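The domain 'KARI N-terminal Rossmann' feature in Swiss-Prot is assigned to 2-182. As annotated by Swiss-Prot, NADP(+) binding site applies to Tyr25, Gly26, Ser27, Gln28, Ser51, Ser53, Asp83, Glu84, Phe85, Gln86, Gly134, with the evidence given as sequence analysis. Positions annotated as active site by Swiss-Prot, on the basis of sequence analysis: His108. Among the features that Swiss-Prot reports, domain 'KARI C-terminal knotted' is placed at 183-328, with the record citing sequence analysis. Among the features that Swiss-Prot reports, Mg(2+) 2 binding site is placed at Asp191, Glu227, Glu231. Annotation source Swiss-Prot lists Mg(2+) 1 binding site at Asp191, Glu195, citing sequence analysis. Residues annotated as substrate binding site in Swiss-Prot, with sequence analysis given as evidence: Ser252.
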Amino acid sequence: MTQLFYDTDADLSLLNNKTIAIIGYGSQGHAHALNLKDSGMDVIVGLYKGSKSESKAISDGLQVFSVSEACEKADWIMILLPDEFQKDVYLKEIEPNLKEGKILSFAHGFNIRFGLIKPPSFVDVVMIAPKGPGHTVRWEYQNGQGVPALFAVEQDSSGNARSLAMAYAKGIGGTRAGILETNFKEETETDLFGEQAVLCGGLSELVKSGFETLVEAGYQPELAYFECLHEVKLIVDLMVKGGLSQMRDSISNTAEYGDYVSGKRLINSDTKKEMQKILKDIQDGTFAKNFVEECDKNKPLMTKLREENSKHEIEKVGKGLRSMFSWLK
């Protein structure tokens, strides 16, 4: 059984007398910065000139510097920028300010795994990746709880990188819930696969296809929305709480029987073969190469697909229904 590590396994004092620079102040950035600050750490924020996040960080009681200045001042640098921006910012602002003994850290391994960022040998390179969005990481911390996190060591120059990564995870509240050790390769590949095959790509297409099937058969679009999108959260919440078994214990016998006899008609060996192809594209770098090239061209395909998907009927129907949900206001 894989081991989880908790508060008693991590030594927060390892971060004492270290200045931690959080690069970026978006969803994860604000959560990391404020949780570390509330844990008693010396935290600063690095942002590009004119960033809309600057006033928010200042109002949250944090000192804000340019990325270059923050990295120069810091002992620990946590890069919390979108994947496609990290390489350029690293080369221009971060790398020139790296010195022996500094710690370079990430919350996702994409740029290290695919060789876009190649740190010098004299710094520690670690990862601390909360398994939840930033607002949840912050909310749970404020309520005395935490969000589970992954941690990994890519490069141990100091000989103490693992303990330092665990200390950081404790500082943001991860060890309250439990942290799991992994490596950059495993985290990156499984994270990308989960997003593409199940959580985002797979689920989005499943929801849309179900909605389309009902509407094309003459059913009310509003009912199709409820059955194929709205109720997804109800089922997923049961899965998260107690796995597939508890979900099935909580639904009707009719629903459970339909689960068993119809599920594999949709998700079958052919589906699994496509999943394996998706995983292979991730493992061999094909997806990363395509994504980097897409970003270098200013994302023309992604922009086109985003616009097309935003016009799907399920979006129009959902917007209308949600405006009538008093509990969402």
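Backbone N, Cα and C atoms are what each Cβ position is placed from, and that goes for glycine too.
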Fewest Cβ neighbours within 10 Å, where candidates are the binding-site residues Ser27, Ser51, Ser252: Ser252
Site with most surrounding Cβ atoms, counting all protein chains shown within 10 Å, from the binding-site residues Tyr25, Phe85: Tyr25
Among Asp83, Asp191, Glu227, Glu231 [binding-site residues], residue with fewest other Cβ within 10 Å: Glu231
Residues satisfying Cβ distance under 8 Å from the residue listed as 'active site', sequence separation of at least 6: Asp83, Met127, Ala129, Glu187, Thr188, Asp191
Cα distance (Å, whole number) from Glu195 (Mg(2+) 1 binding site) to Ser27 (NADP(+) binding site): 18
Chain-internal residues, separated by at least six, CB under 8 A from Glu195 (Mg(2+) 1 binding site): Gly201
Alpha-carbon spacing, Phe85 (NADP(+) binding site) to the residue listed as 'substrate binding site', which is rounded to whole Å: 47
